[in-house]
C-alpha cells in the first residue's frame, strides 16, 4: 500500500527510482574524493609524478598534477553537451546506462595505466565525460518521474549522494593506503566498477520518464508509469490529474514559438539577467573554495601535524571533512525552504568567509620551511586548521552546495529553462576545471595565502546574492515569472513579494480538493482538460 504525502499517494517505486538514479551523483563524488588521496599515495606518486629529487624520490610537477586532477572537469563540459540531445532522442534511462558504460571505459584506462601520466589523464577525461553526461540526464529523469509531492527532497538526493560518494572514497583510500604496490590506488579505482554496474544495469529495470513517453506519443505507457510511481491503479484521480496536465503541457509547447540560444540573451522577460544569474551563481559556487579541499585536501593537510604517523594526517582529515559534508547537507535541504534562498546563500557566504580567514591565517602564521617543505609544526595550529575547514564545509554543504542548483532552476525563464540550465552547468564545469588545474601551481608558490583568494570570492558572492538574486522560495514557477515582470521590484525586497490572491507566501499550499475538482469536471464534461488547468498549472508543493 502506498503512503500519503500532502494527501497524495506515493508508491515504493518512487524512492527506488530517485535513489538509484542518484547513484549518478555518487559516481561523481567517488571520483572527486579519491583523487585527493591518490595524489599522496607512494606508488601512485612514484609511477606518475615527473619531478625527480636528489635523494631518488619523485615529486609532482605542479602543472602535471593540475592536469591529472582537472581533466575530469574538462570531460564534464563535453559530457554535458553530448548527453543532453541524446537524452531527448533515446530516452532518459538509456542515456544514463550509456553514461555508465563510458564510466567503466574510463576506469579501465586508469587501471591499465603503468607509468604514463598521460594515460591516467586520458582515463580521467573519459570518466569526466561520463560524469558530465550523467549530470545532464539524471536530474532530468528524476524531476520528470518522481511525483511532485516529494520531488524536492528526491531530486536533492543527487547532491546528497555526491557527498556520500566523496566520504566513502576517502574511507576506501584510507583502508588501502598501506597496501603494497599498485593495489594502493588500483583497488579504490576498481571499486568504481561496482557503482557503475549497479546504476547502469539497475536503471534499465526502472520505468521511463512519463513526460518523455508522452512526448513520443506513447500515452498509455506514460499513464502506466504515473500509476506505478504512486502505487495505485490508472484510474486514480491523482494519476489522471498528472496525465492530463502532462498532455496539456505538450499541446501548449507545440503552440509556442521555438526559442533558440540567442533568446537567452534578450532583454524580454529579463532573459539576459536570468541567464547571467545562473552563470554567476555557478561560478560563485566553485569560487567558494570547496573543491580546494575536496580535490587537494590530502595534499593540503599533509604538512599538518596531528598524529605521529604523518601520512595518516591527510587521510583522517579528509574523512572528517567528508563526514561533515554528508551530514550537514541534510539540514541544508530544510533550511533552504524554511528560511529562503537569499538568506541561506547570503549568510552562507559570510560564514565561509570567516572560517576561510581563520584557516588561511593559521596556515600562514603557524608553519615554517623544513627540509624543503612547508610544515605546520604546532599540533594546536593543525587542529585549528582542520576545525576551521570543517566549519567552512558545514557552511558550504548546507547553503551553496544544494542551494545554487534549486535557485538557477527556479529563476530561469520557463521556455528557456533547459538552455539556461545548460549554460549555467557549463559555467560550473568550466570553473571547476580552472580551479582544479591552477590550484596546484598556485599553491606551490603561495601556499596557504591561497585561502585569502577565496575569502575575496566569498565576499563577492555575498554582494551578488544581496543585490541581484530574487527570492523564489514558496513560489510556483508561474509566480516566479510574474515576480520578474514587476519592473519596480528590487532583489533585496523580493522576499516580501507575494502573487495576487495570497496574503503571504506561506499560504501557497497544495490544494488537493482543486485537483479532484479538475478531474470531476473532466469526468462530467468529457473535456480534455479543465479550462482553468491550462492557464494555472496544478502545483503540488512549495
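Keep in mind that glycine also has a Cβ here, set from the backbone N, Cα and C atoms.
Among the ranges 216-235, 236-255, 256-275, 276-295, the stretch that TrEMBL annotates as transmembrane segment is 276-295. Feature annotation (TrEMBL): of 12-30, 31-49, the stretch labelled transmembrane segment is 12-30. By the count of Cβ pairs under 8 Å, the stretch nearest in packing to the transmembrane segment (348-370) among 118-141, 153-175, 276-295, 448-469 is 448-469. Tertiary proximity for the transmembrane segment (421-442) is limited to same-chain residues at least six positions away from its ends with a CB under 8 Å from its CB atoms, namely 60, 62-63, 65-67, 69-70, 72-74, 76-77, 80-81, 84, 132, 135-136, 264, 275, 278-283, 285-287, 291-292, 295-296, 299, 408-409, 412, 450. Taking residue pairs at least 6 apart in sequence, the transmembrane segment (187-206) and the transmembrane segment (12-30) share three or more C-beta contacts under 8 angstroms. For the transmembrane segment (315-336), same-chain residues at least 6 beyond its ends with a Cβ under 8 Å from one of its own Cβ atoms are 33, 36-37, 152-153, 156, 159-160, 163-164, 166-167, 170-171, 173-174, 177, 293-294, 297-298, 301, 304, 306-307, 344, 386, 389-390, 393-394, 396-399, 401-403, 406, 473. Pairs of Cβ atoms less than 8 Å apart link the transmembrane segment (118-141) most often to 94-112, out of 94-112, 153-175, 382-400. Outside the transmembrane segment (63-82), and at least 6 residues removed from its termini, the chain residues within Cβ reach (under 8 Å) are 31-32, 35, 39, 48-50, 99, 102, 117, 120-122, 124-136, 295-296, 422, 425-426, 429-430, 432-441. With pairs at least 6 apart in sequence, the transmembrane segment (187-206) and the transmembrane segment (94-112) have 3 or more Cβ pairs within the 8 Å limit; the two touch.
Long-range contacts of the transmembrane segment (153-175) within the same chain: residues 14-15, 18-19, 21-34, 36-38, 41, 138-139, 142-143, 146, 187-188, 191, 195, 294, 315-316, 318-319, 322-323, 325-326, 329-330, 333, 397, 401-402, 405-406, each at least 6 residues beyond the stretch ends and with a Cβ under 8 Å from a Cβ of the stretch.
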